[in-house]
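Taken from Swiss-Prot, the feature active site, nucleophile covers SER138. The active site feature in Swiss-Prot is assigned to ASP193. According to Swiss-Prot, the disulfide bond annotation covers CYS48-CYS127, CYS74-CYS88, CYS189-CYS196. For 228-262, the entry in Swiss-Prot reads region 'Disordered'.
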Amino acid sequence: MAPLKSLLLGASLATLALSTPLATDAENLYARQFGTGSTANELEQGSCKDVTLIFARGSTELGNMGTVIGPPLCDNLKSKLGSDKVACQGVGGQYSAGLVQNALPQNTDPGSISAAKQMFEEANSKCPNTKIVAGGYSQGSAVIDNAVQELSTTVKDQVKGVVLFGFTRNVQDHGQIPNYPKDDVKVYCAVGDLVCDDTLVVTAMHLTYGMDAGDAASFLAEKVQSSSSSTTSSSSDAASSSSAAGTSSSGLSGLSSFFGGL
């Protein structure tokens, strides 16, 4: 007998095959109205921005941003923070977004995880001052989940927030990303989306996450803004301490002169 996940994967393939034309039509309409299509390479091909969004699409989706949630998430984030402040980058390369990879132990394959990890590392090396946020949908949620876990401490500290839609590792990882701050992760699992329950059964609810784009963008924007406030506060505290130290040093210098330079 074939493993349960293999049987479910076959059923899901049929479901996704039927849904793809509808998703493509919706994506084309969205791109014409708002601008972001199924591919975005603003980190790789553009200049550094204050914020960089790294996104991994779901299985069988087009481009490197997909159609269901990637493009509207990008546009909503730009709307909240400023279109000139945000660079959107989809995960491509070795990440082919194939279906069979969902049945692997990490719900994706090592090459896909490596492709996402490289995007985070490129953001860090090319734009060391950018604030990184990330998102993933369906298999892409597993790609981002696993990639963030593998980041060095330096790069991971640059990641301010993550949103995961139709999280395929929701059960295994307890609704969070291991070894990453739980408060900086928001998981979206629609009622009736069985993918979030450790199955590979794709229902209609798995295709509804576009409606969460605004809320998810607000979450990421808040994480970016709160990290900026923390940085400003730390800088102010450091400046105050430096000023106080300078005053103390001046006083000691005066005493030193008075006593002949002890």
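Each Cβ is built from the backbone N, Cα and C atoms, and glycine gets one as well.
A simple way to gauge crowding: the CB of CYS74 (disulfide bond) has 28 other CB atoms within 10 angstroms, across all the protein chains here. Listed in sequence order, the residues of the same chain lying 6 or more apart from CYS48 (disulfide bond) and placing their CB within less than 8 Å of its CB are ALA87, LYS126, CYS127, ASN129, THR130. Following the DSSP three-state reduction, the secondary structure of CYS88 (disulfide bond) is strand. For the recorded site, the residue listed as 'active site, nucleophile', the DSSP three-state label reads coil.
The secondary structure of CYS196 (disulfide bond), as reduced to three states from DSSP, is helical. When the alpha carbons of CYS88 (disulfide bond) and the residue listed as 'active site, nucleophile' are compared, the span between them is 19 angstrom. Each residue contributes its Cα atom, and for CYS196 (disulfide bond) and SER138 (active site, nucleophile) these two points are 9 Å apart.
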